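Right, one structure below, let's go through it.
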Amino acid sequence: MLTSQKVSRVLLHSSFLKTPVSTQSRSFVFTTIATTLFGSVLWSKNNVLASKMENHELHYNDPNDKYRKLLEKKRGPAFTRAAAEYPGQVRLYNYEKFLMFLGSSIGSFFHPEENKYIVALGESTAIEPVLKRLQHAMLSDPTGRQILRERPRITSTSLDLDYLRSLPDNTIGKSYITWLDREGVSPDTRVPVRYIDNEELAYIFQRYRECHDFYHAITGLPIIIEGEISVKVLEYMNIGIPMSGLGALFAPLRLKPSQRKRLREIYYPWAIKNGLYSKPLINVYWEKILDKDINEFRREMGIEQPPDLRDLRKEYFAKKRREKELKAAAAAATVTQRQRQQQRATATAANATSASSANVKPSNTAGAM
């Protein structure tokens, strides 16, 4: 009996011990693995922190360090200009550009014949958004892209002027050289661009400047003040150069009433219409169409030739001379008529005096008798 009880106790005790031991051993394994992994992470972080402490790098980041570096970057040396992007470029600060605009505006208004004022005004008003728009227009056109790629220049060297003189009269090249000879100008009179910052934008403005005489040639407008204003209006409506718009707005203020009347009634309407509805002139590769018929070119571009300004001026001055002659003749006739009236009055007075003298003599004789 005792033996069976002991055996049962032993079996019970052994079964009781086996389960907890097995459970404890599995828990220990998992705990050991987790502790090892977590400890390795902590140990590696501790190693990193210890290394930073040893190298004096812990908590060394200055919160003002970025701000200090930004100030040093912005400050830089005082009055130091960036390097030029193209030959002859002159870098200007914004206040210098404003002063140049102010001075050239006043100079252009009172002395439009001085090219230096016109040049400075053109570049000081050729702001980047305007030139970027022209750049986009050229890049959107196959011919415009070719011009930007090849960078042609219009000078007496690049153009064979003798060849242009040999072309037929109805060609663009012959019309161009005829206009140059008549007005006494040369392709070399266009001053290089100096004050525009971007190199490609500077070339675009240079291209516009050198093509100006072609606009005169295809329209037939001379370089006298009315012709220049008319071409400026055409340029502004077609290309959008700010200086052209300023010239169209303020230049007529110094003209005579007869000149303003011609612009208002004839050339402003013509320039606005043709500038708006014609194709972009900035995309014309003039050097490659010099032998093209000028009338065909006008039709393709949608440009009408305006009335001849020189003929209108001749007619006006001839009319003024006739009016002056008529006034002089009328004044002379009036003087002659007055002289005749005065002569008649003098003759009448003389006759009256002689008649009265004749009447007085007989009465005196009778009294004496």
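The count begins at 1 with the first shown residue.
Every residue gets a Cβ built from N, Cα and C, even glycine.
The annotation transit peptide is assigned in Swiss-Prot to 1-35 on the grounds of sequence analysis.
Other Cβ atoms within 10 Å of the Cβ of GLU228 (Zn(2+) binding site), summed over all protein chains shown, number 19. Marked as Zn(2+) binding site by Swiss-Prot: HIS212, ASP213, HIS216, GLU228.
Per Swiss-Prot, the feature compositional bias 'Low complexity' maps to 329-360. Shown for the compositional bias 'Low complexity' (329-360): DSSP residue counts in helix, strand and coil, namely 32 helix, 0 strand, 0 coil.
For 329-369, the entry in Swiss-Prot reads region 'Disordered'.
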Study note, to complete from the structure: Across HIS212, HIS216, listed as binding-site residues, the smallest other-CB tally within 10 A is for HIS212
Exercise for review: Taking the Cβ of ASP213 (Zn(2+) binding site) as the reference point, list residues of the same chain whose Cβ is under 8 angstroms away and which are at least six residues distant in sequence.
Suggested key: TYR176, TRP179, LEU180, VAL185, PRO187
Revision key, fill the gap. Simplified to three states, DSSP reports HIS216 (Zn(2+) binding site) as helix
